[in-house]
Amino acid sequence: MNVLPKAIRSGIAHYLFLPIVQNVILFRGVYRDLFSQLVPEMEAEYYPSKEDVILQNESETDFYIIVSGALDLLVDINGREQIIGKAVARESFGEISVLLGRPQPYAVTTTEISQILCLSRKTFQNILRNNQEDEQIIMGSALTTTYIMKVLANSETNRLNFSEK
């Protein structure tokens, strides 16, 4: 798709991915204009089943939104990988590293073929820097996510499904 002019790529991206990006919990309450800046910068990537997208404690990750497929969220507890949650379409991950500058507290691995939107750390941060009110809303959501993941990572018995029912 990179061979097409930017305006055409942007239109295609908006048509295909705007409804998904708008429904990501992290973006609840942000202004619509933010989406017109984010969506054209996202790259759609495909991952096969059992593919690591992010490793636990990885830093400098990108931000990801699941378009289709399913992923496990895993932590290493005493040398054993434990599933602490699952993520499906319209959910995101990587925000802890991108927004808070902390290592990713959990690994993310596909459980089936998945299409995932990827937004580079630098691009995401630059867009937020130019949209400070939206940045505050997103940071509040990210901090809530970080707290939840910290509690879960410290408990071997907790499980979390990130899907909204």
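A Cβ is built for glycine as well, from the same backbone N, Cα and C atoms used for every other residue.
Taken as a whole, the domain 'Cyclic nucleotide-binding' (26-145) shows an average pLDDT of 93 in this prediction. Marked as domain 'Cyclic nucleotide-binding' by TrEMBL: 26-145.
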Residue counts for the domain 'Cyclic nucleotide-binding' (26-145) under DSSP, helix then strand then coil, are 41 helix, 43 strand, 36 coil
